[in-house]
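Read the structure below first, then the notes.
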Amino acid sequence: MASEQQLPSIKSSKVLMVGAGGIGCELLKTLALSGFQDIHIIDMDTIEVSNLNRQFLFRKSHVGQSKAKVARDAVLRFRPQINITPYHANVKDPDFDVDFFKQFNVVLNGLDNLDARRHVNRLCLAADVPLVESGTTGFLGQVTVHIKGKTECYECQPKPTPKSYPVCTITSTPSKFVHCIVWAKELLFAKLFGDKNQDNDLNVRSNDAASSSENAEDVFEQREGEDPEQYGRRIYDHVFGYNIEVALSNEETWKNRNRPRPIYSKDVFPNGLVQSNGNADKVTVTEDPSSVSAMTSLGLKNPQDIWSLSENSKILLEALKLFLGKREKDIGNLIFDKDDQLAVEFVTAAANIRASSFGIPLHSLFEAKGIAGNIVHAVATTNAIIAGLIVIEAIKVLQSNLNNCRMTYCLEHPSRKMLLMPVEPFEPNKSCYVCSETPLSLEVNTNSSKLRDFVEKIVKSKLGMCLPLIMHGSALLYEVGDDLDKAMVANYTANLDKVLAELPSPVTSGTVLTVEDLQQEFTCSINIKHRDEFDDEKEPDGMVLSGWTQAPSKEKDDNVAVSNGVSTSSASQSTAVEAEDDDDIEIIPTGVAFVSAGAKRKLSEICNSNSHSSVGEGYCGEKNTAVMDEEDVVVMLTESNSDVSKKKRLQ
């Protein structure tokens, strides 16, 4: 409970919570028990079975229901006198505009993706409402305070980019297990069980059909009179055998790479058809088709075992047979779901067979599920600690006790006998394009890039704008809104497909574009610089934005799941690995260490005076606690200063 001195400001406050997931459940409970009387919650998600191990306001009977509404009902059972208003909606919806945000005394974030965090940050700046940001990943957590004009905003510091792989890497030259997972999940699974009309480059070439695309597509169609076993073997031989042989025919590709090994079903099963252990009929005859399992059919029990090539091949063929026999109605509409056991089994087996072909170490189903589902396994205790810290900082903000506000980091291993590390908030970054309105610079081929490319890849994906308006001087090039008449919509739609240099008001080298989001009340200027050529591997967007504070991406060990969360705004023609819905963290300072709350010492001083301490991955020097951000995820693309005024990611 809050102290007597704190209660008046708490009871009279109106608080907005964004997110009712891992942190949000703990936060709502803590707010209610601390005396807050008027709480509003926004969350667009519904409850999933995988949430129940750490989101304790929810029960199995709540699966499929609104998180915000169920959380409200759960808390009102033990605090019936308070007012909780739930919104089962996206915080980016137009209803939640600057005027909506202005009614609150403080905003508390428990979000799971960069896009929504940036959106809330900008609305809080426009509404001049303090924001308390938070996140957790495993045992690591953080709480940061953002107050307009007094502390840095959420976007003042770099955020990691999504890890991108060109489609040629995924389809032709994988070198990491995550490449195989993306191939199995986004290409093979989607090709067999997803929307048949979607474009899907799976290097489809048939050795028994003409090379035309029409005949090539027939490879994945089950032929008349072909039983599931024969169909499965044909697909197996095509994707793991024939396609690899075709790839090997390009000698140039393999000059400096290890050559893959074609794998055919006859090599894995020389004695004929795959035989299950006899449990298939008993297990798969069920009233619930979604519960079928290839592992169960084949008598494999431990998801942490690493299957052999033969076992992976059996799982793949059995899973395909079960999809065709028990879940035929789902085929054509399936999207990979980490909670779909059969889908996880199929993707794990396919990824492992491909990994075996390319000499990449195999992984267990448990590990593969973590990578495919983008899961960092959450710790409920960390969520509870972070929720408590959010409330502590919110109370300081409500009492205008800003001098005592702290950004606090929860560590997995103690540093100087401390697990909670307080840091004084940093001043606004004068180079921040969001809160300091510093102009950006864009290198782009103005003679080939279209306005649509600029809108999708820069304005929406990188700048996170929802309802953009683009101007060149007084000329309006593009606008989005419900109040536009048909003629204006048609005009702006036509502009999207025009090359920048051929727009009604041509965009060429030296042009300054003004980009505005009316919902976020956010404006920035972009200086255009023409550039003829771009590196397809390093610059797959075909344009480079400078002055946009974003850190270089870091690849993770393939044995570790990719971090939680993914930006919902992605460039066109890209495939993002979806994220588990817990709330992640991003930046930890390495340039300072702590001797008491708020007291700072340079890193070198602590290293010299405390070199004997053992701190997990370490707090001093180059090797520091690894912290994953919501944007450090896999995307498949088709087309050190230690000064205390700066922050640096622990690595």
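For all residues, glycine too, the Cβ spot is worked out from N, Cα and C.
Taken from TrEMBL as is:
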type	residues	note
ACT_SITE	C168	active site, glycyl thioester intermediate
BINDING	19-24, D43, 51-54, K67, 112-117	ATP binding site
BINDING	C153, C156, C432, C435	Zn(2+) binding site
COMPBIAS	560-577	compositional bias 'Low complexity'
DOMAIN	314-369	domain 'Ubiquitin-activating enzyme SCCH'
DOMAIN	442-534	domain 'Ubiquitin/SUMO-activating enzyme ubiquitin-like'
REGION	200-227	region 'Disordered'
REGION	548-582	region 'Disordered'
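Structural mapping of features recorded in TrEMBL.
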| residue | record | CB count, 10 Å |
| --- | --- | --- |
| G22 | ATP binding site | 31 |
| D43 | ATP binding site | 26 |
| N53 | ATP binding site | 11 |
| D112 | ATP binding site | 24 |
| D115 | ATP binding site | 21 |
| C153 | Zn(2+) binding site | 23 |
| C156 | Zn(2+) binding site | 22 |
| C168 | active site, glycyl thioester intermediate | 15 |
| C432 | Zn(2+) binding site | 18 |
| C435 | Zn(2+) binding site | 22 |
Exercise. Other than its own, how many Cβ atoms are within 10 Å of the Cβ belonging to G19 (ATP binding site)?
Worked result: 31
Exercise. How do the residues of the domain 'Ubiquitin-activating enzyme SCCH' (314-369) split into helix, strand and coil according to DSSP?
Worked result: 38 helix, 0 strand, 18 coil
Seminar exercise, completed: recorded positions C153, C156, C168, C432 vs D43 (ATP binding site), shortest C-alpha separation belongs to C153
Seminar exercise, completed: Comparing the Cα of G22 (ATP binding site) with the Cα atoms of the recorded positions C153, C156, C168, C432, C435, the shortest distance belongs to C153
Exercise. Cα of C168 (active site, glycyl thioester intermediate) to Cα of D115 (ATP binding site): how many Å, rounded?
Worked result: 27
Seminar exercise, completed: Students should find that the Cα atoms of D112 (ATP binding site) and C435 (Zn(2+) binding site) sit apart, in Å rounded to an integer, by 22
Problem set entry | Non-site residues, in chain order, whose CB comes within 8 A of the mean position of the CB atoms of C153, C156, C432, C435 at Zn(2+) | L125, E152, Y154, E155, P428, N429, V434, S436
For this session: Using C-alpha positions only, work out which of the binding-site residues G19, N53, D115 is nearest to C156 (Zn(2+) binding site).
Result: D115
Exercise. What are the DSSP helix, strand and coil residue counts for the domain 'Ubiquitin/SUMO-activating enzyme ubiquitin-like' (442-534)?
Worked result: 24 helix, 30 strand, 39 coil
Problem set entry | Residue among binding-site residues G19, N53, D115 with Cα closest to the Cα of C432 (Zn(2+) binding site) | D115
For this session: Out of G19, N53, D115, point to the one nearest C153 (Zn(2+) binding site) in space (Cα versus Cα); all of them are binding-site residues in the record.
Result: D115
Seminar exercise, completed: N53 (ATP binding site) and C435 (Zn(2+) binding site), compared by Cα position, are separated in whole Å by 39
